[in-house]
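K.L.:
So TrEMBL has the following annotated:
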- T64, G65, G66, D67, Q68, Y75, Y106, A107, I108, G109, G110, S138, Y235, K250: substrate binding site (BINDING)
- Y75: site 'Important for catalysis' (SITE)
- Y235: site 'Important for catalysis' (SITE)
Amino acid sequence: MEYQDILYTKQDGIATIMINRPAQYNAFRAQTCEEMIHALKDADFDRTIGVVVLTGAGDKAFCTGGDQGTQDGGYGGRGTIGLPIEEVQSAIRDIAKPVIARVNGYAIGGGNVLVTICDLAIASDKAQLGQAGPRVGSVDPGFGTALLARVVGEKKAREIWYLCRRYTAQEALAMGLVNAVVPHDQLDAEVKKWCDEIVEKSPTAIALAKKSFNVDTELIRGMGGLAMHALKLYYETAESAEGGNAFREKRKPEFRKYQK
Ligand SMILES: CC(C)(COP(=O)(O)OP(=O)(O)OC[C@H]1O[C@@H](n2cnc3c(N)ncnc32)[C@H](O)[C@@H]1OP(=O)(O)O)[C@@H](O)C(=O)NCCC(=O)NCCSC(=O)c1cc(O)c2ccccc2c1O
């Protein structure tokens, strides 16, 4: 597969998937998701690879979720909502290798969900994290909500989703959303250090540990798959469309005007 939206490299047992859409703050569209799934599967089957790093190009954003430039009642690609994002999430969970989020800047909306799903997360001190769905007429009704609650606790997860605030890297560390925070210019060295420590370990023991951690939250995948059909119906409403329109028009949304 020829990649347009990601950069995919492999070195020293480390596969790096970099979302390369800096003008959109590394927001993903359907094409980005297809490429991420392809690269994750390649890394899974490549026996020379022991760990995967997921990150964004540039120093502004890790990933800001679904591309709001294309979200106008649907994302126009494959899958229930025209964006096979649930397959990206499943691929991160299913590959038998740890996936480390290298959080180099904003991790907002679906970007924060990626951080939540990755096995580990290392953040720059410049990073900001948070959810945006209810601010732009969307919601991740699976891992993005339920797994987040497992990671940071129920009350905090509900705060993150209902208020759509942004949190500093240090706040994310305190709530257990990231494993470490380092000065921005030390991010790559720190990520490499963690990767090297993983690569020297027994790959089969690591794979068994990862699969075993996943078992406890596996029900969320089924629930999320079901809820994606409800989300598709929500995307067809004027209330949801108002979120995307307001973002593109750079104004405050007026959701209550359209609530049925
Ligand atoms: C990230 C921000 C907080 C940055 O704010 P700031 O003021 O610093 O910068 P700008 O707002 O001016 O943005 C700069 C530049 O980037 C473009 N951009 C940013 N984010 C996006 C985006 N998501 N899509 C497209 N383009 C984006 C922005 O338009 C500017 O471009 P210019 O050309 O005008 O310079 C702030 O940008 C922000 O809050 N961004 C939006 C975040 C957002 O709404 N994300 C989508 C939420 S929905 C979602 O992600 C989602 C994810 C999932 O995983 C799902 C799974 C299952 C179901 C649903 C899901 C879902 O809905």
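Quick reminder: no glycine exception, Cβ is built from N, Cα and C everywhere.
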K.L.:
Quick one: pull the CA-CA distance for I108 (substrate binding site) versus Y75 (site 'Important for catalysis'), whole Å only.
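P.N.:
Here the two Cα atoms lie 18 Å apart.
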K.L.:
Give me the CA-CA distance between G66 (substrate binding site) and Y75 (site 'Important for catalysis'), in Å, as a whole number.
P.N.:
8
K.L.:
Just how spread out is the substrate site if you go by the largest Cα to Cα distance in Å among T64, G65, G66, D67, Q68, Y75, Y106, A107, I108, G109, G110, S138, Y235, K250?
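P.N.:
About 25 Å separates the two most distant Cα atoms.
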K.L.:
Taking the Cα atoms as reference points, how far is G110 (substrate binding site) from Y75 (site 'Important for catalysis') in Å?
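P.N.:
That comes out at 14 Å between the alpha carbons.
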K.L.:
Measuring Cα to Cα, how many Å separate Q68 (substrate binding site) from Y75 (site 'Important for catalysis')?
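P.N.:
Distance between the two Cα atoms comes out at 9 Å.
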K.L.:
Using DSSP, would you call I108 (substrate binding site) helix, strand or coil?
P.N.:
strand
K.L.:
Cβ under 6 Å from ligand 1: which of the binding-site residues G66, Y106, I108, Y235 qualify?
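P.N.:
Cβ under 6 Å from ligand 1: G66, Y106, I108.
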K.L.:
Specify the count of other C-beta atoms within 10 Å of the C-beta of G66 (substrate binding site).
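P.N.:
Cβ-Cβ neighbours of G66 (substrate binding site) within 10 Å number 28.
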K.L.:
Using all protein chains in view, find how many other C-beta atoms are within 10 Å of the C-beta of Y75 (site 'Important for catalysis').
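P.N.:
Its Cβ shell of radius 10 Å holds 22 other Cβ atoms.
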K.L.:
How big is the Cα-to-Cα gap, in Å, between Y235 (substrate binding site) and Y75 (site 'Important for catalysis')?
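P.N.:
The Cα atom of Y235 (substrate binding site) is 10 Å away from the Cα atom of Y75 (site 'Important for catalysis').
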